[in-house]
Amino acid sequence: MADVNEVNSLPSSLPITPRTVTIAPTSFHHDDQFGSLPITPRTASVAQTPSIVSLPITPRTASIAQTPSIVSLPPSQFHSPSLSRSPLLHTGDHASGAANRTVKTPRSRGLTPRFITPLGSPLRKALKMTRLDPQDAWLPITESRNGNAYYAAFHTLCSGIGIQALVLPVAFTILGWAWGIISLTVAFIWQIYTLYLMVQLHENHETGLRYSRYLQLACATFGEKLGKLVAAFPIGYLSAGTCCALIIIGGSTAKLLYQTLCGATCSNPKPLTTVEWYLVFTCVAVVLAQLPNLNSIAGISLVGALTAVGYCTAIWTISVAEGRLPNVSYEPVRKGSQVSRIFDLLNALGIIAFAFRGHNLILEIQATMPSSEKHPSRVPMWRGVQFSYLLIAMCLFPLAIGGYWAYGHLIPANGSMLTALFAFHSQDVPRSVLALISIFVIINAVSSFQIYGMPMFDDMESAYTTRSKKACPWWLRSIFRAIFGFVCFFIAVAIPFLGSFTGLIGGIALPVTFAHPCFMWLKVKKPKKYSLSWWVNWGLGLLGMGLSGILIAAGLYVVIDTGVKISFFNPQ
């Protein structure tokens, strides 16, 4: 009983469990499972009792068998679908540092495992994110993910405004003042709304996946077969077809620039032909295309955006400053039968739809940004989109309204504001100003070629990396991009009259811009049935698909009825 009295005489500050304890007559048993409990500074009095090694406590749960190691969890990352190439949890530095720290007395909340605390939600999401894309680090769109809101604004502005905006007054000649402005405003608001949907759909918060390409999102939403059926051709045309059109525009403007600067004083007996100017433009575009990824061309996109704003502003400012042309009429141009008038009207709507292209690049641009659960990419992306489309609105509306006011029905049917400016004011405006506008158009065309060609570069390199399971070498990447550039050059030379199909092209591209994002939102977000979001997206989606079919038919009818000057391999 002497040992019991010694125990009873211990200081009351020791953390003894107030339960019935059976004590051996010699010494307390040392439980190797739990080890010695950390003793507070007042345990010096216990040292006088040499028989006591450690105080046994009543075991509670097996979860305190060992001192819990400190686990550091990174922010939950959003990744593209497929297998991972890198671990999601990195504990090397944190774990080694934890081993050197002084072990403290476990608190009551330490009895709860870390993985069922509020950190468990991002951890479980992170563990789901093992389906990453090993090709992301090899492909030009996702090779670099250090983009920001400024880069997004540069890319969006460069792709969202261009030479297609100069044909808007042509649509006004058919629609007239009221319907022209209404159609342009509705199309602009509609596109802003679908842009917002695309930015939100880029990353799926349930699965933690990022859809870095428009076709990826289409296939994930509609299924593999249907997604490719409804999206592959429009996206391919909006990328490769736009590059062909840019070669035609850039080469023709380069020839016009040479004639403007040289004029009648040229001593060169054999100036370059149109095909040769196409070739010069293509060579410059192919050289710039050697930049490795989408983020690396941010500076080029900035230059392209500034030149686009520059020539749009210069053209409508000069046109308005020079005043209206004599005998200008603002009556809608309607000729032929009633059916012809209806199809002309629809073709004008197709021209407006064609001016709002670039949706096929929004997901790709957003893919260049880092994204996590705490800092999702949709926040800086939406800021960049808002800023860029504010500038786009400041260019498109004055260009369409001011150009129509200045030229009215005299704008060439198959031309643009640039054609009208040179046709009506080449003698009134200084040659230096006309040359500067031409230079801006050429620079913008070269810059836009890079961003519209990037999805095609990505697709070609994806085919290689899928087979070889390694990154594309620099020399093969250069060959791919050169081949693409010169194939586009061949198409531009073979079919130099692509500009005559503006309305038809607008009808083909319309679902990508106005319809598909609404159906994707319904499929992914699943808004409550008969809610406002449900009605709006169903209505806009069905309206967009219906308009697309009607505009394609109208574009074909106008091309057949009015005729197109076919000149294969004979660009003028």
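Numbers here mean position along the shown chain, with the first residue as 1.
Just so you know, glycine gets a Cβ as well, placed from its N, Cα and C.
As written in TrEMBL, here are the features:
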- 75-106: region 'Disordered' (REGION)
- 80-89: compositional bias 'Low complexity' (COMPBIAS)
- 146-560: domain 'Amino acid transporter transmembrane' (DOMAIN)
- 149-171: transmembrane segment (TRANSMEM)
- 177-199: transmembrane segment (TRANSMEM)
- 235-254: transmembrane segment (TRANSMEM)
- 298-318: transmembrane segment (TRANSMEM)
- 387-407: transmembrane segment (TRANSMEM)
- 433-453: transmembrane segment (TRANSMEM)
- 474-495: transmembrane segment (TRANSMEM)
- 501-522: transmembrane segment (TRANSMEM)
- 534-560: transmembrane segment (TRANSMEM)
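Scored on C-beta pairs under 8 angstroms, the neighbour of the transmembrane segment (501-522) with the top count among 177-199, 298-318, 474-495 is 177-199.
Nonlocal intrachain contacts for the transmembrane segment (534-560), taken as residues 6+ away from its ends with a CB within less than 8 angstroms of a stretch CB, comprise 190, 193-194, 197, 342-347, 349-350, 353, 500-501, 503-508, 510-511, 513-516, 518-519, 521-522, 527-528. A Cβ distance under 8 Å defines the sequence-distant neighbours of the transmembrane segment (149-171), meaning residues of its chain 6+ beyond its ends; these are 180, 183-184, 245-246, 249, 294-295, 298, 300-302, 304-305, 308-309, 312, 315, 348-349, 351-352, 354-358, 361-362, 365-366, 368-369, 380-381, 383-385, 387-389, 391-392, 395-396, 399-400, 403-404, 407, 411-413, 415-418, 420, 441, 444-445, 447-448, 451-452, 502. The largest share of C-beta pairs under 8 angstroms with the transmembrane segment (387-407) comes from 298-318, of the ranges 177-199, 235-254, 298-318, 433-453. Sequence-remote contacts of a segment are chain residues at least 6 beyond its ends whose Cβ falls under 8 Å from one of its Cβ atoms, and for the transmembrane segment (177-199) they are 168, 171, 330, 348-349, 352-353, 355-356, 359, 362-363, 366, 378, 381-382, 385, 389, 393, 396-397, 400-401, 404, 513-514, 517-518, 520-521, 537, 540.
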